[in-house]
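According to TrEMBL, the features are:
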type: REGION; residues: 1-23; note: region 'Disordered'
type: TRANSMEM; residues: 146-166; note: transmembrane segment
type: TRANSMEM; residues: 178-198; note: transmembrane segment
type: TRANSMEM; residues: 204-223; note: transmembrane segment
type: TRANSMEM; residues: 256-278; note: transmembrane segment
type: TRANSMEM; residues: 284-305; note: transmembrane segment
type: TRANSMEM; residues: 417-434; note: transmembrane segment
type: TRANSMEM; residues: 440-458; note: transmembrane segment
type: TRANSMEM; residues: 470-498; note: transmembrane segment
type: DOMAIN; residues: 526-649; note: domain 'STAS'
Amino acid sequence: MSRAVSDGGENLNGSDVGGSRAPSHCSMDYRVSFPPKKSILQEFSGTLKDLFFAGDDPLRQYKEQPSWSKRVWLGLRNVFPVLEWGRHYTLGKFKGDFIAGLTIASLCIPQDIGYAKLAHLPPEIGLYGSFVPPLIYPLLGTSRDLAMGPMAVVALLLGTLLQKEIDPKTHPLEYKRLAFTATFFAGITQAALGFFRLGFIIEFLSHAAIIGFMGGAAIIIALQQLKGFLGIKNFTNNTDIVSVMKSIFKSAHHGWNWQTILIASSFLGFLLVTKYIGKKKKKLFWMSATAPLISVIVSTFFVYITRADKHGVAIVKNIEKGINPPSANLIYFSGPFVLKGFKIGAVAGLIALTEAIAVGRTFAGMKDYKLDGNKEMMALGTMNVVGSLTSCYVTTGGFARSAVNCMAGCKTAASNVVMSIVVLLTLLFLTPLFKYTPNAILSSIIISAVLGLIDYKAAYHIWKVDKLDFLACLGAFLGVVFSSVEYGLLIAVAISIAKVLLQATRPKTALLGNLPRTTIYRKIEQYPDVTTAPGMVIVQVDSAIYFTNSNYVKERILRWLEEEEERQRQQNFPQIEFLIVELSAVVDIDTSGIHALEELFRALKKSKIQLILANPGPTVIQKLRSAKFPELIGEDKISLTVGDAVKRFAPKAVDSV
């Protein structure tokens, strides 16, 4: 009698590696079963489904609908999530969204003006980014908490990359055109990832690398704001910490303005105190949310009545009044700047996407609702494409404003619409009031905002849990701080990919032993009290066996065998006759892996040691059968569990348990 074994190593008689059930007294002899053979089309479609749809049938929900009208409606709801949550929208939800929208508007207006300076763009373009894109996102997005708009790190990255191609001071129009072109291609990249369900690509940028990258970028942003904080006129365009500090100290004797420093330090203290109060007392979050706008109003009024601008205090001057002008005609669709715009946009788009999805998942987990990553990509991509056509640069869902949005009591993505309307009113009527806003206050607001990106607690946690992860975090951090944003990003990606390759090419293997008075086998490293069967070595492989690691797995198993032979020889145990390879964790194997097993079999045969495979999963056993491997080693040499193999080939060892 036979029965198939599951991938998880479950055992039908209690002697598995993965379980902890008590041994069964059933005397039936279970054998490893071969699953039904699949056609090439079935295997190919199954692989594609696992790759793009996580094993789910994307058309399943449509097949269950009885009529075409319901299928069309379901399709529209799938494309436009607003049709789903909008049907259940109530006055109570609107109250929460209204308050949240007003709150994040008070935070984003001064931030947007400052972030535009990071990107070397006019201040009104920063405000444009909080008007049009937030109107698009609620139609397509699935997050209730993400608040859309410009983000400091993306603005810095965009400004750094664009500045290397065009000087924003000497060629402002061409610079703007390249910024809109990069934004267009950022949106295309994001939407394409969502449409083709390729979101797994951004997973190559690990959480640890993002922590390091964000922390490094925060420090660079804060240091660059010392230009406005100290009132320095001539400042370096480089972003590395060495160049920035040299520029600061060179101007110490003649370039600092004490009035500017007084304004900046006073309001920075105010912003940090309100932020501290908001963190300590959650009900007072509105203090930190409204503090930037209050700072702008008070400092602007102070500069106006004292005319501090005539004493060296730099001010914003004119912010262009009116809503976003169309910019489709400014985008480079031909010429040498198309490729440059695409490269810059793709990088900025991926960073913006990674930040938004990470933040969205965080709040979705807190509030226990589902976030659809592919729909988020489509929403962000569409938002940025439309933004590029309406004079916006790359926007995304940043953590700071999204956290304020959540704490302010938002219920749906409609809070973005409220914020957008407030920004619209500001663009139409209030921009002249920002004329005397000191640049120092914008620098203080940005410094206050980006300090929250330095997550030293998360970095310490990464250090405690995984030293290799911490290396990715540290590499990204140092790359940004001592070189540039793009090199820091490159280091982060390189270390993350290197970690994946290391784990793929050097999978874990371990010796197994028997837990006394049971038929359960566990790793000797984890359970020192386990016993080993004389004349037998049991090795577990903890990874799929592919061409990248097949030779390593074979050599590592042979090294385990040599070490165990030496140990058993010292204890006067009989010569080793059997090598059991436990395969419950081997979810797949390719032809190189099978070839490695064949070489292992031949090497063992020369030493008169028999090879036994235990607990292969359905994919593995199917491929082994196709390669006629069971015929090579013998059908009886493939056992359902390690316990079965030991019982069959070393019954004396079982009797001594």
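Note: Cβ is positioned from N, Cα and C throughout, glycine not excepted.
A TrEMBL annotation is a machine prediction, not a hand-curated record.
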Requested in this report: Please work out whether the transmembrane segment (470-498) lies in contact with the transmembrane segment (204-223), by counting C-beta pairs under 8 angstroms that are 6 or more apart in sequence and asking whether there are at least 3.
Outcome: yes
Query raised in the report: By Cβ distance under 8 Å, which residues at least 6 away from the ends of the transmembrane segment (146-166) in the same chain are close to it?
Result: 104, 108, 111-112, 115-116, 118-121, 126, 129-130, 133-134, 137, 174-175, 178-179, 182, 213-214, 217-218, 220-221, 224, 237, 239, 337, 340, 344, 347-348, 351-352, 355-356, 359-360, 363, 383, 393-398, 401-402, 404-405, 410, 413, 415-416, 419, 446, 449-450, 453, 484-486, 489
Report task. Looking only at the domain 'STAS' (526-649), report the model's average pLDDT. Result -> 91
Requested in this report: Could you tell me whether the transmembrane segment (178-198) and the transmembrane segment (284-305) have 3+ CB pairs under 8 A, leaving out pairs under 6 positions apart?
Outcome: no
Query raised in the report: Other than its close neighbours in sequence, what residues sit by the transmembrane segment (204-223), given a CB gap under 8 Å and a spacing of at least six beyond its ends?
Result: 118, 152-153, 156-157, 239-241, 244-245, 248, 350, 354-355, 358, 446-447, 450-456, 458-459, 462, 466, 469-470, 472-481, 485, 488-489, 492-493, 495-497, 499-500
